[in-house]
Amino acid sequence: MPENKNDKENKNDKENKNTKEEKKKVKFSNIIWVYIIFAVFFIGALISLNWENNPIISYSEMLSLINDGQVESMKINQNGNVEILSKDGTTYESFSPALVIDKQYVNSLIQKGIKVEYVESVGTKWWFGLLINIIPIVVMVLFFFWLYRSASAGARSSMNFGKSGAKKYEPIGEKVTFKDVAGIDEVLDEIEDIVKFLKNPQEFQELGARMPKGTLLVGPPGTGKTLTARAIAGEADVPFYYASGSDFVELFVGVGASRVRDLFKTAKENAPAIIFIDELDAVGRQRGAGLGGGNDEREQTLNALLVELDGFDTSTGVVVMAATNRPDVLDKALLRPGRFDKKIMVGPPDVKGREEILKIHTRKKKIAPDVDLKLLAKRTPGFVGADLENLVNEAALIASRKKKNQVEMSDFEEAIDRVLTGPSKKYRIISDKEKKILSYHELGHAVLAYLLPNTDPVYKITIIPRGAGSLGSTLQIPEKDKYLIKKSEILDRIVVALGGRASEKLVFNFATTGAKDDLRKATDYAKSMIYRLGMSKRMGPVYWEGEEEEIFLGSELTKQRNYSEETAKELDVEVKKIINSMYDKALELLKQNRERLDLLASYIFKNETIYGEEFKKLMSKDLEELKEYIGGEKEINEFLKIDVVNHVNYQPV
């Protein structure tokens, strides 16, 4: 008769309890042996400290002491050993059998005032000597016995070395369920079948259907792959065994394979159950691509995993799940149907998903009424679940730092800035000369972003230093999520990226290091157009990006180039052509709006930060109205008088 679920759980709990009790006994026994050895050494040290080492004198020296009247008392035993106490308190030992026999001489000693006493033993007690001889032997015996026990324990430990290190997930407090997962509704729809199968497998088997043997969750870090697996365990209410891929790989060949077999054995014994392997790429990388024989252990572990996935019966009720953010390096045999035959993409959430995730993470926070989660979701494109959780926590920390009772919208906006660009450098002192350069640089980006039709709206312009190397920033946030980008949009993005350098050229006629990141972005956009997207008329709709050569277990060491040197030169020429033409366009647009650029630069020089709504109003005003709004001619002239060229050593363009 097969065991029911409760019997199996009771059996498993009993085994775990017995294992814990055995560990406690072994630990207690080891402590006792340590105390015994310590006690033996302590007694030996105590005996050695109390050892009476009296000086031994000859018979003639003893007679000399007696004749000189220096003896206070004498103790004599039947063997002729004599203990002499002198009047100055010194104790001597000597040997004189005659004192045992010659009673007359002893009487003469008594007449001289010497106290004479016959005793059984003289000097060092007999058991002291016995202990001194026995203690080293006892210590050696105990030491070797302890070594023997340690070796036995080591043998037992080595027997357990191949045991799986997978942990059984036991939630503390409330279980994680699908209510705690948001922003990935399509993923939850896909994995709902797994929960139904674990709860009622007969429903599937009656129709002749089988569950996929392995389900692979694929997606960028922080999208909720592990959280999804925990939610499945909470919904299905079955044992959930989880391990990291790195837990299986050890120094010794064969250990990882043994752990894989042990994990599947444990799961089968407690079926229905879920096995979840996080970071699968640590153990499931491509075989046979290594530069040497150092990956034998990894390959054996992978082979064992392949056998277990293909070898166990799906009717046992064991579901295998895994997560990775590097599906490109996984072994092809691992992904074939019959193993991890169901792949679920867990991507970044859209704006609606981000709003739902923010609702979950703000449930237990004291949120002010002015907080608009829908607006926050729009302002955080590209954020994944982990980023949003960090954002909410950062906002709560900011509010706490300001001694607020609730987390306000301003705290969330500051948290967005901290997450995107790092904390503000409040105590970094920037000279007026460099501040003026930063003002023109950032306004160069912002003005072009406003003028060009295919760019995202400006959210914030600031010349406050943030993070490691950012002296200022112009943040643009899309109004909605985009999945396709037109060529005209990419070109406009390049123009905006080059706006800072173009503004420096136009106003100061020199270049600064502040445009380094802008140039990298512009170059990446241009290379993508030519090498990967086929957006060049001259080079045609061809994908020129080289194939990645996976030299060592999927790591990208080089890229194989499948075109000639002449073609490579032509590709580089096309990239430069795009960059140069967009730079010229940026310069021309800024020239046409030079007066507005000066006015806005003086405004941000004074205020340091301009938000999107205010920036739109400033750009929509006519020049006279804008000049009056900023503060009039006097304020603008003071800003323009700041001499930058003669005081700052910058490289001319």
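Every residue, even glycine, has its Cβ placed from backbone N, Cα and C.
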Of the candidates ASP350, ASP518, ASP524, the one that Swiss-Prot places in the Zn(2+) site of HIS441, HIS445: ASP518
Length of the line joining the Cα atoms of THR226 (ATP binding site) and GLU442 (active site), in Å: 40
Per-residue Cβ crowding (10 Å cut-off), top of recorded positions GLU442, ASP518: GLU442
Other residues, Cβ within 8 Å of HIS441, HIS445, ASP518 Cβ centroid (Zn(2+) site): GLU442, GLY444, THR474, ALA497, LEU498, GLY499, GLY500, ARG501, SER503, GLY514, ALA515
Other CB atoms within 10 A, centred on GLY222 (ATP binding site): 19
Same-chain residues at least 6 apart in sequence whose Cβ lies under 8 Å from THR223 (ATP binding site): ILE184, VAL346, GLY347, PRO348, PRO349, VAL384, GLY385, ALA386
Structural state census, the topological domain 'Periplasmic' (52-126) (DSSP three-state): 23 helix, 22 strand, 30 coil
Candidate recorded positions HIS441, GLU442, HIS445, ASP518, pick with smallest Cα gap to GLY219 (ATP binding site): ASP518
Inter-residue Cα distance where the pair is LYS225 (ATP binding site) and HIS441 (Zn(2+) binding site), in Å: 41
Candidates GLY219, PRO220: member of the binding-site residues with the richest Cβ shell (10 Å): GLY219
